[in-house]
C-alpha cells in the first residue's frame, strides 16, 4: 500500500482541536500530518462495511498474494488537492485571537506565521485574565504570541472569520469529493470481490474434480484388491482340496506298495519253498533211478538164471525173485503213493498261491499304473495352480504397490491443500485485521468530520453576527466624527 502524504491546513487544525478537547489541554507529540497516515484508502473498509468474505469460498484459493494485490486501490490523481489546503495569508501576519462572549467557551488561536500549518488551541478562558499574551502548546513546544494594538491588525482580525469560513467550505467540498471517490472505490472493490469469488469457484472446481478422481481411483483399487483376495481365497481352497485328494491318493499308493512288497515277499518265500521241493523231488528221482537200475540188474540176473537150465535151486530162486520183485513193486507203489499223498497237497497249495500272487501282482501293477495315470493330471493341475497363485501374488503385489503410490500421492495432495488452507486462513486473518483497522479509521474519520462540522457551525454563526456588529461600530465612529 502506498504511504500516505501528510495533510496541511484544516486537517491538522481539526485534529489538534479534537486532541485538545479529548486530552484537556495537554501537549501532544504529534504533528498536523499524523492523521493523514490513517487516511489512506484501504479496500478492507469496503469488506468491513459491506460484508465479509465467506471462508468456504476462499479455502481453495491458490495464492493469497493475488487477493491482497486486487484489494488494494491506488491513490487518486487529485489526492494532494483533497488533502492539502493552501493558506492565502502572508507569513508576516501575526497571531489572531478570537474571544467568544461566554467565558466558558473555548478560545481558537490561529497562527499564520507559517503557511503550512494552522494551530488550534482550545481551552477555558478565565474572565479575569486578558487574552493579549497567549501561550500555544503544540508538539511539546510553547508558542507565545502578543497581540499588537495596531489598527491594521484589528482589521485583519475582523477579516479572518470570513477567510476561515471560505477555507472551511472548501475543505468540506474536498472532503465530499474524497468521500465520493471512496464510494466509487468501494463499488470497484465490490466488483473485484465478485470477480475474485467467481475465480475462487473456478479454481476450486478442478481441485474438487481431482479429489473426486483420486477417490474413485482409490475405490477402484480397493475393489480390485478385494476381488484379487476373493480369487486368492478360492484358489487356496481349490489347492487345499487338491492337496487332500493328492494325500489320499498317496496314502492309497503307499498302502498298495506295502501290499505289493508283502506279496513279493510271499512270492520269494514260495520260490524258496519250491526250490526245496524241487531239490527233494530231484533226490527222490535219483533214488528212484538208482532203484530202477538195481531192479534192472536184478531182473537181468534173474532172466539169465531163468534162461539157464532149470533146476530145483533155480525154481526156489525164481520164486524168491518173484517175491522180491512183487515186494519191490509194492514198496515202490507205496513210496510213490506216500510221496504223492505228502507232497501233492502242498504242491497244489503252492500252485494256487502262486497263481493268486501272480493275479494280485498283476492287479496291483494295473492299479498302480492307473493311479500314476490319474496322478499325472493332478500334478499338472497342481503346477498350473501354483503358477496361477504366483501370478495372482504378483498382481496383488502390483496392486498394493499402486495403491500405496496413489495413497502417498493423495496424502501429498492433502498436505498441499492443508498448507494452502493454512495460508488462506492466515490471509483471511490478516484481511480481517486490516478490515478492523479500516473500520477504526472510518470511525475516526467520521468522528473527526463530526467534530469539524461542530466547529464550523459556531464559526458560521459568529461570522454572521460579525458584520452586524461591524456595521454598528462604523455608524458610531461616523457619528463621533460628525
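Cβ coordinates are placed from backbone N, Cα and C, and glycine is handled just like the others.
Residues or ranges marked as compositional bias 'Basic and acidic residues' in Swiss-Prot: 1-10 (among others).
The compositional bias 'Basic and acidic residues' annotation in Swiss-Prot covers 144-156 (among others).
The compositional bias 'Polar residues' feature in Swiss-Prot is assigned to 466-482.
What Swiss-Prot records for 168-463 is domain 'IF rod', and it gives sequence analysis as the kind of evidence.
What Swiss-Prot lists as phosphoserine is 26 (among others), and the listing cites a large-scale study or a structure entry.
Sequence annotations record features per position, and here Swiss-Prot assigns phosphoserine to 34 (among others).
Under the DSSP three-state reduction, residue 325 (phosphoserine) is assigned to helix. Residues or ranges marked as phosphoserine by Swiss-Prot: 325 (among others).
As annotated by Swiss-Prot, region 'Disordered' applies to 1-42 (among others).
If you look up Swiss-Prot, you'll see 1-161 marked as region 'Head'. Within the model, the region 'Head' (1-161) carries an average pLDDT of 40.
The region 'Disordered' annotation in Swiss-Prot covers 144-165 (among others).
Under the heading region 'Coil 1A', Swiss-Prot lists 170-204. DSSP assignment over the region 'Coil 1A' (170-204) gives 35 helix, 0 strand, 0 coil.
Listed as Cβ neighbours of the region 'Linker 1' (205-231) (distance under 8 Å, sequence separation of 6 or more from its ends, same chain) are residues 60, 392, 395-396, 399-400, 402-403, 406-407, 409-410, 413, 417. According to Swiss-Prot, the feature region 'Linker 1' maps to 205-231.
Annotated region 'Coil 1b' per Swiss-Prot: 232-309, in sequence order.
Counting only same-chain residues 6+ beyond the ends of the region 'Linker 2' (310-349), those with a CB under 8 A from a CB of the stretch are 277, 280-281, 284, 288, 291, 295, 298-299, 302. Among the features that Swiss-Prot reports, region 'Linker 2' is placed at 310-349.
Annotated region 'Coil 2' per Swiss-Prot: 350-458, in sequence order.
For 459-482, the entry in Swiss-Prot reads region 'Tail'.
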Compile a sequence-ordered list of residues in the same chain as residue 325 (phosphoserine), six or more apart from it, whose Cβ lies below 8 A from its Cβ; state 'none' when nothing qualifies.
295, 298, 299, 302
By DSSP, how many residues in the region 'Coil 2' (350-458) are helix, how many strand, and how many coil?
109 helix, 0 strand, 0 coil
